Amino acid sequence: MLTLKEKEFWFVVGSQQLYGEEALQEVKAQAQTVTDALNESGALPYPIVLKDLAINADQITNVMKEVNYRDEVAGVITWMHTFSPAKMWIRGTKLLQKPLLHLATQFNESIPWDTIDMDFMNLNQSAHGDREYGFINARLNKQNKVVVGYWGKSEVQRQIAEWMDVAAAYNESFNVKVARFGDNMRNVAVTDGDKIEAQIQFGWTVDYFAIGDLVQYVNAVKEEEIDVLFAEYKDSYDFDYGDYSKDDWEASVRVQASYEIAIKRFLDDGGYNAFTSNFEDLYGMKQLPGLAVQRLMGQGYGFAGEGDWKTAALDRLLKVMSHNQSTGFMEDYTYELAEGKEAILQSHMLEVDPTLASTKPKITVFPLGIGDREDPARLVFDGKAGDGVVVSMADFGTHFKLLINEVNAFEPTTPAPNLPVARVLWEVKPNFQDGVKAWIENGGGHHTVVSLNLTTDQVVSYAKLVGLDYIVIK
């Protein structure tokens with residue numbers, strides 16, 4: 001995958017000087033035990049680093065300032081081991097510009113009824129501290145995540161891990177750079193939008209390039225480079241020659257290999273991690289990039305067709321959040337309306353993300369009726385089954401809106417021998433009629449990002465962090 005820089009999360013444990021040095025040393029020792037256990041659990045995608053105990057306002061403020069300017073720190077996890085007066089937290093919490101998780105837990109899972117005394121009560125009063133601390137976060141409208149339960153339980157660790165992925169994506173949002181090869185498809189409405197507002201609100205940089213800029217990179221690709229990549233294709237996929245001669249078929253595939261090399265080189269040279277294409281802007285290109293785009297999506301680059309920069313950026317963001325697992329660009333195509341079998345067939349003219357493949361992809365070559373270019377190569381496969389979320393972003397003039405529809409994807413049971421593109425099928429929730437109606441009434445686009453790895457809660461958490469209006473259909 002197109003990798004992130006290494007990230008870590010700081011663990012800030014709240015207490016106060018009132019309890020005395022002996023008690024504070026015990027708090028710190030228990031905090032270290034929790035930190036070590038969480039890091040050794042194997043359940044968390046990023047490491048936790050324990051910081052000094054938060055026992056006064058200056059200390060809290062300084063650690064939050066440091067979080068902001070340390071790029072490797074993706075967020076803060078707090079735990080109120082004892083009562084920690086929340087006025088101490090106001091300044092630092094207001095300054096904090098990264099995601100915050102309040103872990104409402106305590107060191108002991110159970111109350112030791114046989115030995116409990118006031119010393120134990122004073123040392124272990126998270127129930128007391130949680131409410132004081134929770135109030136100030138609510139008062140500050142911090143949009144922090146709250147995870148409740150014993151820190152050693154797998155369910156609690158799962159929730160922390162999912163939040164970590166959201167926090168990592170939030171940080172990456174300010175590094176999303178989209179290269180647009182050509183403009184939006186002419187006369188299409190929903191794919192357009194305010195790029196300046198997107199950069200202000202989400203941190204996304206969106207740059208236009210004429211297709212000739214990419215053609216220069218394509219022309220510079222060496223045959224030896226194509227040979228190496230073609231050999232990789234042979235090891236990774238089945239080859240379906242169809243009605244083409246082997247020479248003609250391989251010539252088409254080699255064109256796509258040159259595109260993959262050129263696009264990747266262009267993106268990496270400019271620091272871009274997402275891109276768009278447009279079949280109306282292909283001057284100097286022999287084919288519409290298909291296989292090339294699919295391969296790059298599989299490596300973690302965000303993508304959307306027809307110049308749809310919002311979906312390309314969202315694709316990159318959700319790939320980071322999901323570790324590029326079963327997440328990719330998609331388009332609503334065709335309804336299945338038979339009673340009891342209602343579903344939506346998802347595909348695209350070429351560019352369906354191979355992270356969604358349930359079968360070994362095959363490379364095929366087939367004519368493309370639009371774009372007026374040579375027959376392009378593409379990967380064909382059937383999509384995975386599983387519960388997931390479908391996400392679309394649209395610009396409503398006064399604000400962006402994110403639509404989130406829960407779906408159940410299933411593997412097709414009927415062959416489609418004449419369909420020369422990958423296909424994904426899903427049922428929308430709560431049911432076909434209400435789900436589709438809600439999507440249309442709320443202005444959901446035909447371009448989406450689907451993930452069979454992420455949850456609604458994760459996508460909503462990101463939306464809250466960036467102040468993004470959202471609708472959940474489930």
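Each position is counted from 1, following the chain as shown.
Cβ coordinates are placed from backbone N, Cα and C, and glycine is handled just like the others.
Annotated Mn(2+) binding site per Swiss-Prot: E306, E331, H348, H447, in sequence order. On its own chain, E306 (Mn(2+) binding site) has N184, M185, V188, T191, T276, S277, N278, F279, H447 as residues at least 6 apart in sequence with a Cβ closer than 8 Å to its own Cβ.
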Within 8 Å of the centroid of the Cβ atoms of E306, E331, H348, H447, which other residues of that chain place their own Cβ, given that this set defines the recorded Mn(2+) site?
A304, G305, D308, T311, F329, M330, M349, E351, H446
Three states by DSSP: which one describes H348 (Mn(2+) binding site)?
coil
